[in-house]
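Engineer: First the structure, then my questions, so here it is.
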């Protein structure tokens, strides 16, 4: 694709998919997340959807439609952690990642061609990484703007990828029913049907004045613009200090790891990546969080809070190793390890009282020199000897 390239990635049946990582024996069965007798359905597997169960449906209705459906209580903390892990993967590809919700995001891949290759290949690799590292299926769309990308990902569900080049936008959109158009709810669809408009193509060919009389000036014009595949909205990149309030890194091992020496080495690598991101963003943080995922996809996190905020690799690494060793794991098969720094503050607002002759002062000077070298010559121009070893 040429010109602007926008991707939309949507995690399939997100809450259910997170639960199925922990309960793989439920794969292929009608499952939903929500109350068993009270409340509403928050997420439903595709097998449950085939039986008529939908999100936001009362749980009692879901039970009536599918008595053998398995209801699972929601675990919002686990879903938030899974979402953060997925967004961390997306952040490795582009700086412009706009979170639309906990389970979907837009990505600007326009400038990734020279570095990573064709955007469609980048998006396919992202989906494979999310499935391999997090065990979560996703669907994705690629188009010349956010609206087309969103529509493409909808049509790609479940577990698919659809690319819509600029010259194919109307061929893709116009045959679709008007009620499949993003932003068209039930009430809007009913009004369009009363106007005799059944497809997006019908809508695209309608005089704006007709729609403005029915929906008002702004909404009527917007509907025609979108139906013709035109969306001028620019993505808003997330700022860590305004959104997730944490910066971190994680790595999934090619094979499950038993050896704590390998885990320690990876923790150092992750501490370097995390601290470098903190310094680039001119942030420091007080809370260090270690996350581990095991071969059976179970996971745990442990945190500690420092007396003073930091952005130093050695401090972050030392604390992460301390958290790991406190667990006393015996031959645990570690699949993934991650470090996150939370409680972020602007580094300029923090007064560092370190003496000129303390080790911290020396490390801070050395770290600044390493950052300058890596910025000038590439991210791995200067690295620690222990990280040059193959594990």
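From the backbone N, Cα and C atoms, a Cβ is placed for every residue, glycine too.
Copied straight from TrEMBL:
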- 104: active site (ACT_SITE)
- 10, 103: Mg(2+) binding site (BINDING)
- 6-185: domain 'UmuC' (DOMAIN)
- 15: site 'Substrate discrimination' (SITE)
Engineer: Looking only at C-alpha atoms, tell me how far residue 10 (Mg(2+) binding site) is from residue 104 (active site), rounded to the nearest Å.
Structural biologist: 4
Engineer: Would you mind reading off the Cα separation of residue 103 (Mg(2+) binding site) from residue 15 (site 'Substrate discrimination'), to the nearest angstrom?
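Structural biologist: Rounded to a whole number, the Cα-Cα distance is 9 Å.
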Engineer: Cα-Cα separation of residue 15 (site 'Substrate discrimination') and the residue listed as 'active site', in Å?
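Structural biologist: Residue 15 (site 'Substrate discrimination') to the residue listed as 'active site', Cα-Cα distance: 12 Å.
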Engineer: Counting across all protein chains shown, how many other Cβ atoms sit within 10 Å of the Cβ of residue 10 (Mg(2+) binding site)?
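Structural biologist: The answer is 20 other Cβ atoms.
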Engineer: Please report the DSSP secondary structure of residue 15 (site 'Substrate discrimination'), reduced to three states.
Structural biologist: helix
Engineer: When a 10 Å sphere is centred on the Cβ of residue 104 (active site), how many other Cβ atoms does it contain?
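Structural biologist: Result for residue 104 (active site): 20 neighbouring Cβ atoms inside 10 Å.
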Engineer: Looking only at 15, 103, the recorded positions on record, which one has the least crowded Cβ, with the fewest other Cβ atoms within 10 Å?
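Structural biologist: Taking 15, 103 as the recorded positions, the minimal 10 Å Cβ count falls on 103.
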